[in-house]
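J.: Starting off with a structure, shown below.
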């Protein structure tokens, strides 16, 4: 189950004096089972696209195809509600969405909004909480008693409990310490390996290189580049001119190349670089 | 030369009923004009320590000396004028309705006369490169810009010591870089003592010395270079492994023997180029 | 969410814009007091003329004023018609079944209508030409002399300016939380009344929680920046009372005097 955007345009606050166009003729596909990254500045349209992927917003023009559902400007909320379940959206600093009396109840909240029974929802909640590494002793605690990192994992469990086919993540590791970041990225990798499609919106190019198999580059509402990370990151100068970086190793290798070292392709991971050196 | 800050055997716990101490005998000093990084896993006591230094919390036992003067309940407010603090959340320390209002806040509190305030606000804004934003509202600033205003607000007080409590952890890479550059420029120009709590390798790399905190105690004190050479341990200490350290490790497994455990990117580039161009 | 809606301030450099917010606030208070002396045609025309002149001086487009009146139109019409139908006295102008409209009822209705209109026009004028922040400053400054009577003028001023500072931030928080909950399947504004009210809880609780966190962190930051309350504090933002402010107040007082003499006893 993938997502396709066809000729998508989006104008916010249409019809008011504050209206503005956020997306221009976007055509892209998020392949089923892929780990797709979106990179771009604040204002590039990343957040707008995210909210189109799960039907929170509908396109002003064009169509968003999620599985067999077509979302257009005229789509009514009740018809596309199911999309929000199929495509789980984790916003930045998701811990701010917690509100229930207990951790378990909060995680069980989402599924119940889609008709899942309370018992089944709690079952799912237990499952997903274990998956994100929250132990049982916390299940009956008030979510506000947990640490920031723990609250974030509870929030993510809350989205996973809806059993989405596609997980969209907006800077999921923002504000976390290195250990917390690694744990989360490992979790997403495992989810991906078990068949979930992952969409990652990020600023961290090293993460894109380490995890993603496809990347879309956005700038002021337009798709300017898309392809495999190893191809996209060859354009070091272009990306830097747009103030989007490249993985550290890629920049490092480029510096070596500038000195005269022969490198056909710039590596995007440290392992790749070392391999290249090994084989001359 | 007196130490800028001296901390002796601090003990503290947030809740009298909890068993373990958040700070369990912390001692260290910071030299005048030094840039000290404090790193450690979450809960190791980093934030608690700097809040004690600024008198925002009161220790159960132990002593704190700011520029040779012992910090007590009576002189807390005076001592505080010597210390400027920048916190983690850009929004939750922005008091003013506009940028210049916020920079003036500390000056207002001190009772600085209007003409003097206007001069210092202008200076401070220039220092952080935000002069054009003087009348802007905070809601229309990015996180990085708000943090730069926080620094301006601190600097306007002309403190001898600036403390950054994870000031970059909520910023995007661009904002982070901006802030670190600003801090460095200010430090270089005014020579103030800087303490920065951080998880960011680039920020640590800029500092003169790194204090590692673990479980409410000082685990070690070293230069950034010495710290980065500790490799795998760094994760448990609340830092990433520097990219170059990781690269060196991998190069060694393939027979490319770089002697040092850690080098800066430029240094590694040099060494590698030498090795490769000879091969 | 629109950020301009709050206060509806329209930037400009007219005479009215440049008045000290304190004189504008005081003028408004006086205006509302003297309007009750406008109880006949002459006095009402005088008030209307005065108000129109000030509106003209503000150089703000009439459409903004109309937009200021629009939301209140329902209540104005309701009250006017109510007066017309239920205040009895004088000749009977119209009688249908049990509904009786009298001349007195008509005149009272007209009076009520004028008063509503004028008050709304004048207060709209105030908010269109004065930033919320300067109004907060004005309130603090006007309350300052009452500090002798333990009125916490400084604290009130600080509360007002902090609230203004955080309103856009909290609105952003609300939008973000709403979107996050919608992504979890909550439908706002749909369903029966009970459902609609229930759907507010997933917004209200996180919003309160984050607001408390903000307040906590802010208090610590303020303390770290040397805040100890109002004593010994100087102010960066200053208000300047000039001659034109005196004139503005005088003109309202003069208007009041005129009304007093020209009104029906």
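The backbone N, Cα and C atoms fix where each Cβ goes, and this holds for glycine too.
All TrEMBL annotations are machine predictions without curation.
So TrEMBL has the following annotated:
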type	residues	note
TRANSMEM	C:21-39	transmembrane segment
TRANSMEM	C:73-99	transmembrane segment
TRANSMEM	C:105-128	transmembrane segment
TRANSMEM	C:243-262	transmembrane segment
J.: Near the transmembrane segment (C:21-39), which same-chain residues lie under 8 Å Cβ to Cβ, leaving out any that are not at least 6 residues past its ends?
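T.: Result: 46-47, 111, 114-115, 118-119, 122-123, 126, 129-130, 134-135, 137-139, 141-142, 239, 241, 245-246, 248-249, 252-253, 255-256, 259-260, 263-264.
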J.: Would you mind listing the long-range same-chain contacts of the transmembrane segment (C:73-99), meaning Cβ under 8 Å and 6+ residues beyond its ends?
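T.: Those are 105-109, 112-113, 116-117, 120, in sequence order.
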J.: Other than its close neighbours in sequence, what residues sit by the transmembrane segment (C:243-262), given a CB gap under 8 Å and a spacing of at least six beyond its ends?
T.: 15, 18-20, 22-24, 26-27, 30-31, 33-34, 37-38, 40, 42-43, 46-47, 50
J.: Please give the sequence-distant neighbours of the transmembrane segment (C:105-128): residues at least 6 beyond its ends with Cβ less than 8 Å from one of its Cβ atoms.
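T.: Residues 7-10, 16, 24-25, 28, 31-32, 35-36, 38-39, 44, 47-48, 51, 54-55, 58, 60, 64-65, 68-69, 72, 75-76, 79-81, 83-90, 93, 135 contact the transmembrane segment (C:105-128) from elsewhere in the chain.
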